[in-house]
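Following: one structure in structure tokens, then a few remarks.
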């Protein structure tokens, strides 16, 4: 009886949602993406194996056990040889970064992506009505948004927002803010700038849970241009069709699993705990319960109700049931997964029953650019575009996770065939490579040899 009631409720909800969507004016609620531009820089900023070793050996707090941990982490990270590091880290100033270092890092990303975005779109900075900047780990005065307004001499009535502390899922939070502003401001243009401040937040201590961020996070970012002007529909790349934001911060373990703090020696860093995976799964479940009825056809929702009922009765993890009992591709065509790490990508893939083809864009982004925090999703989307996967009418399911703990997901409709090689233009033909194995084991695997335990740390650091 409970099962049939669930089917009835799902069916009723689906019908009501479709009626509201058709008759209550979503035409006036449109959010089109016109262009986006991801950050890239010069080869001297690449953090290859040799550069990584130099950075590690500069840290005099580390011992042999920490070296072994870092080697194991880098080998299993899924990160390649061409990711970008902050300039102050390359130059050896990671332990004592200056405010100038921090602001120059932001200016480099902001102005590279925005200059290219304005040139590509043909939209003038003076035409921008809404500006949202998200950088989690740096809050300056005047704000980072104000730096952009000053640089481009934007108009005085621009609606500017500066978001901090939102973590890796901040891009979709910023876009949701734009979407809400579009309900008030008609025929407007909006810019979202998403990046992270890594230079002043490089961890120089020896706590293993805080050393992980140095292994995963790399320099990157993206600027995006949006409008709700229907006159630009034919110029748009994508249209936002659904978005659901979930905040699981009421759970103590979830709140603590990604957090900025100082270690016992006073070194500030970002701690990632083993409970992150569980927090992500729980937040993902909550999010999907709201999002799936909005994007799947009725017959799949009935199947979803059956899966939910059966797995809850058997007291099995509901997320496993989602992957095994649903055909998500009846509602979406592509999966744009936050490239937060190999475990994140593997976990989402397993839970949703995805193929290696589905996971390839996220894996290749992690390998080429690393985890670029809030900017990472757009490198994944860029990979799909460069590989000419995105065709008119396709639907892209964008999945993001962030500190708090947050899970923010959305669906984009592809408005026309898109195939710009964008930030991937110099390397797309090399991907996917024959192997994602990086050379850390080959070059530094000897550190695990117990026969060399007599070596002093000073001998290694020379």
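Backbone N, Cα and C define each Cβ position, glycine as well.
Listed in TrEMBL for this protein:
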type	residues	note
ACT_SITE	168	active site
ACT_SITE	247	active site
ACT_SITE	334	active site
ACT_SITE	338	active site
ACT_SITE	367	active site
ACT_SITE	371	active site
DOMAIN	27-308	domain 'FAE'
DOMAIN	330-413	domain 'Beta-ketoacyl-[acyl-carrier-protein] synthase III C-terminal'
SIGNAL	1-22	signal peptide
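Around the Cβ of residue 334 (active site), the number of neighbouring Cβ atoms within 10 Å comes to 21. Within 10 Å of residue 334 (active site), as judged by C-alpha distances, no active-site residues are found among 168, 247, 367, 371.
Cα-Cα distance from residue 371 (active site) to residue 247 (active site): 21 Å (rounded to the nearest whole number). Summarised by DSSP class, the composition of the domain 'Beta-ketoacyl-[acyl-carrier-protein] synthase III C-terminal' (330-413) is 40 helix, 21 strand, 23 coil.
Fewest Cβ neighbours within 10 Å among the active-site residues 247, 338, 367: this applies to 247. Considering only the active-site residues 247, 338, 367, residue 168 (active site) has 338 as its nearest partner by CA-CA distance. Model confidence over the domain 'FAE' (27-308) stands at 93, taken as the mean pLDDT rounded to a whole number.
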